[in-house]
Amino acid sequence: MNRLAVELPGLSLKNPIMPASGCFGFGREYAQFYDLSKLGAIMIKATTKEPRFGNPTPRVAETPGGMLNAIGLQNPGLQKVLEEELPWLAQFDVPIIANVAGSTMEEYVEVAKHISKAPNVHALELNISCPNVKKGGIAFGTVPEIAAELTKLVKEVSEVPVYVKLSPNVTNIVEMAKAIEAAGADGLTMINTLLGMRIDVKTAKPILANRTGGLSGPAIKPIAIRMIYEVSQAVSIPIIGMGGIQSAEDVIEFFYAGASAVAIGTANFIDPFVCPNIIAELPVLLDELGIDHISECMGRSWKKGERSVYCGA
């Protein structure tokens, strides 16, 4: 019995570990370190219709508990991803989750329609943290009605299951999750980065050229755990959790909160072997915990007692 195997919509995972979109590119650099077939899945870099060169530099800044980034969805565009990146990834025995982004609903739909036809793409991850240029730049993922409409449109054209990536930069993430589930999403991935900023004390100017960026790394892990804990009790679709994972213990904590699989982001920059190392460490930890299969961990923190949501002091 494979104690780490996980079944999700569109995804038969040999283990629940995958690199998060944006922290792994298309895997070419990491393939120099280990066989990518060891991974449960690969979430590739966000793809837009046309190539994007991203934001001006500097666009990365370290923080005491992680990092800020304002890359700006730099990617080679849909055509190159279909013609070069996905065929290259086909040599590995690993399902691909294609991250879809855009500036308009029409762009999301077009990218989703074409990329979902690729033979090694088993699911889509809808990046709804992008600004909607037709609505004054407000992010798709901050208004439940807009997020739901986008989800529904993409579901209508996608040939594979659709997972929606939730932004933590909202007032009520449970309300957002429920709206997206009602619109037909097959699963959720959460959380995306939190908005943050750093200022140079010598120049009094923002360190990032974009001024603000997305905070990731260990600093956001408690927030991710809390949000997954709340959302997993409110929806029936599976959650792929992410946000500051660095160890096998972190993975189990995410499962206890309600995740069914996890994605590892910033830690890949610190240790390129972090994913295969965690995969190797998980069976040892399961033995220590007296757990036969990782699926037994899902939601254990709330399934044993009363469902609870923190409402403030």
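Heads up, the Cβ atoms here are built off N, Cα and C, so glycines get one too.
Among the candidates K45, K113, K152, the residue that Swiss-Prot names alongside N69, A70, I71, G72, L73, N127, N192, T193 for the substrate site is K45. In the record from Swiss-Prot, residues K45, A46, N99, N127, K165, I191, G217, G243, G244, G265, T266 bind FMN; the candidate from S21, S116, S232 listed for the same site is S21. Between the CA atoms of S21 (FMN binding site) and K45 (substrate binding site) there is a gap of 5 Å. Note: the Cα of A70 (substrate binding site) and the Cα of G265 (FMN binding site) are spaced 15 Å from each other. Look at the Cβ of each of the binding-site residues G72, G243 and count the other Cβ atoms within 10 Å; the largest number goes with G243. With respect to their backbone Cα atoms, C130 (active site, nucleophile) and K45 (substrate binding site) stand 14 Å from each other.
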